[in-house]
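As recorded in TrEMBL:
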TRANSMEM  A:20-37  transmembrane segment
TRANSMEM  A:49-68  transmembrane segment
TRANSMEM  A:80-104  transmembrane segment
TRANSMEM  A:135-154  transmembrane segment
TRANSMEM  A:196-217  transmembrane segment
TRANSMEM  A:237-254  transmembrane segment
TRANSMEM  A:303-332  transmembrane segment
TRANSMEM  A:352-377  transmembrane segment
TRANSMEM  A:414-434  transmembrane segment
Protein chains: 2
Amino acid sequence: MLRPRRLSLPASIAHPVRLLPLTFLTLIFFGTLLLLLPFARSGQHSPEFLPAFFTSTSAVTVTGLATVDTASYWSPAGQAIILALVEIGGLGIIALATVLGLFIGGRLGLRTRLVAQADMHVVNIGEVRPLFRRVAMTMVFFQAVTAVVLTLRYRSAYFGDWPTAVWHGVFDAVMAFNNAGFSLNNDSIVRYAGDGLIIIPIAVAVFFGAVGFPVLAELFSGWRTPARWTIHTRLTVWGSIGLLIFGAVAFMLLEWNNPATLGGEGLWHKIVTGIEGGIMPRSGGLNSFDWDMVRPETLNMGIILMFIGGGSASTAGGIKITTFLLLAYVIWAELRGDPEITIGARSVAPRVARTAITIALLAVMLVTSTTFLLMLMTDYGFDVALFECTSAFATVGLSTGITPDLPPDAQCVIIVLMFLGRVGTIAAAGALVLRRRMPRYHLPEEQPIIG
Amino acid sequence: MLRPRRLSLPASIAHPVRLLPLTFLTLIFFGTLLLLLPFARSGQHSPEFLPAFFTSTSAVTVTGLATVDTASYWSPAGQAIILALVEIGGLGIIALATVLGLFIGGRLGLRTRLVAQADMHVVNIGEVRPLFRRVAMTMVFFQAVTAVVLTLRYRSAYFGDWPTAVWHGVFDAVMAFNNAGFSLNNDSIVRYAGDGLIIIPIAVAVFFGAVGFPVLAELFSGWRTPARWTIHTRLTVWGSIGLLIFGAVAFMLLEWNNPATLGGEGLWHKIVTGIEGGIMPRSGGLNSFDWDMVRPETLNMGIILMFIGGGSASTAGGIKITTFLLLAYVIWAELRGDPEITIGARSVAPRVARTAITIALLAVMLVTSTTFLLMLMTDYGFDVALFECTSAFATVGLSTGITPDLPPDAQCVIIVLMFLGRVGTIAAAGALVLRRRMPRYHLPEEQPIIG
Ligand SMILES: [K+]
Ligand SMILES: [K+]
């Protein structure tokens, strides 16, 4: 038996809770440097720090918000750098979040000795490597299929030559599965609006990217036996499908007669765009219609969907489906008067519910206070500012179009939000679970009046 | 020893959890009938059901939202009916919520045998009567002092004759302590803007009305020994003072240069209006400035303050200060990794925290969904609709001025919100605590990934 190699880092850094933010900070730093190189820009732009920093953060956190037009500001080389940053960022978040999940819970249906390392609080690179390989293979599989489908359609209907069609197909497939919202077009995917052969493959890739690796891994081997799925997989699968149907139906109903979106379109166009409207806020970021033109009710629904986000250890952001559904189960248990929080034939420890509530409330505080900041820094209304901040926090990448017009200080707020949204929820959840202390003594209880 | 008389109601109705909504429904019904009588209206109005129903609900729930102008639509007799409904509604909510609190917790610092009845789930009128008397005396004391102060100022500075000054002084004092927002003027208290001798007494009465009877009762006997206060009193007192200072300072800073509110005014005017701006959203409802003209940031701060509301068993609404602060303590315990939620040298049972979280989340869902409904029914934007719905749910009575223009279906939404906000949180909290079941068996635990 080979002695596994260790990460050549001090143990305090190799701790997965710290590894996550440090990895992403490093990636953002090098991404910014690369994007500042002359060949990354097109035209006669002089190097500007803030656009490079913003774009690097947006790419590494797989968000997709952009203060400059990806199609015209960056050269093809710059676009390739963005593509690489998104791919590394997506791979990184899936792998590190999965490692952290194993490190903490150890019950994701994967056979690995990693759990035994939990007491040592050090990640063993020899044991993590097979996991990274599986994650990478899963990503390559989904992205390759999507790229082929998109390329064929691009070649037959939009681009006259194969190289352009392949470049667009690969770029959009990588963006879709990584839930990143960058586009080679200056209008995102508006020019493909209603084209089901483009929108549906992109939406499917976004959907699977947002499910998360632990669930995909469990489904891969056990999709025929739903009764034996873990609670985590069950919550994620049914939650994702439920939110997809809810989002798509609500979007279609609300926008059915809006002349700026679905009003003048045929039934097929409405269905395709409805599916997109239900999937993209969690947390794609490509749009074939203008989010500035939807009804205010639709904008609010989008904010709620973005805030909930996707599955754990996925490329999606938000507070995550499991966190959201746990809150619902807490309410349900309380309404029924049940002493335990039960899901199926399993109970959830009160401490787990408390962590979920803390994550959700801290997220609400973060989004609310930064929305407040954005309103102080600009003249935008509450709904537009809230949409932008939620999109950044949940690393969605949708916008009502205000991102390029934000002043530098507001851009920095969005940068911080994207970073905290990407690594903050995961690192916080990990840190909270790992630092739980056992009670040493009990204080006398007292009951304040509630309500 | 005398055998106490029982309420001559079936036990199922006498249960305090059911007593609360039934009492308020009955009051609203008779209030509507009274307001439909010809002498209640001024001028040649024919009887209209909706204005009477809306006004009765708004008065009994001590809100103060109005679809018709209180000063011109109602005759002095009608205004006297509104005054009576507010007084009965305020007395009713304080007394019944206190009964319910004693019924559940039994540790409010009041000496009563009521707790012993908890197993029988029946309220004994012979034992509740002294409590009602104390509540009524407390209310009369605060309102009388306020009425005298206001009457003297009104006579010396605004009205030429004593009867008018007394009528306005008594009406405004009753409204202030009951946290109701009706006014005999068509401009609320805008004409007194900056007059500290009017605004400050009103704000003080609103503040004490929003503290709640159990706390006032404990402070009455034990204000010199804060170290021995119950957790409930401590949370309410420091929470009320903290929110007052936060609200007033934030209001002044945000509105300092707004020409539509404080911009052109002197320092004294700014301080007086700042105190009002900090106190009124929790949950007075009188306004000496136009909430339609404040900055969007101020509007949002007002929404947050309204949602939090005042103390338990008070005339204020909202999710209540204790509920809000318990959430903060849950987060704090989780961040510190503490197994128990501790406040001072006392611990709070996880079940109590779970009830607080349920109340808060249900309130968020109710306000969000009704805001959504209001947006579908009207053309108002998100912030204005959210402000109106939060004001109704938290029985505040502030408005950006849209209430009279709401279509009938939207008015019904507001009516339902005022009712649910007034009795819903209290009845829900009581019902949740009382129907807690003991565990019969334990299910195996499983831990979903969070964040
Ligand atoms: K994204
Ligand atoms: K009120």
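Any Cβ shown, glycine's included, is placed from N, Cα and C.
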Does the transmembrane segment (A:20-37) come near the transmembrane segment (A:352-377), with 3+ Cβ pairs under 8 Å (pairs 6 or more apart)? no
Stretch in A:49-68, A:196-217, A:237-254, A:352-377 most in contact with the transmembrane segment (A:80-104), if contact is a CB pair under 8 A: A:49-68
Spatial neighbours of the transmembrane segment (A:135-154) far in sequence, C-beta under 8 Å, 6+ residues away: 87, 90-91, 94-95, 98, 164-166, 168-170, 172-174, 176-177, 195, 197-198, 201-202, 204-205, 208-209, 213, 216-217
The transmembrane segment (A:414-434) in contact with the transmembrane segment (A:49-68), cutoff 8 A, at least 3 CB pairs, sep 6+: yes
Sequence-distant contacts of the transmembrane segment (A:49-68), meaning Cβ under 8 Å and at least 6 residues beyond its ends, amount to 24, 27-29, 31-32, 34-36, 40, 74, 82, 85-86, 88-90, 92-93, 175, 178-182, 285-286, 315, 317, 391-392, 395-397, 399, 403-404, 406, 408, 411, 414-415, 418-419, 421-422
Stretch winning on C-beta pairs under 8 A with the transmembrane segment (A:196-217) (pool: A:237-254, A:303-332, A:352-377) is A:303-332
Residues of the same chain, at least six outside the transmembrane segment (A:237-254), with any C-beta under 8 angstroms of its C-beta? 207, 210-211, 215, 219, 226, 229, 262, 270-271, 273-275, 277-279, 281-282, 294-295, 297-298, 301, 305, 308, 310-311, 321-322, 324-325
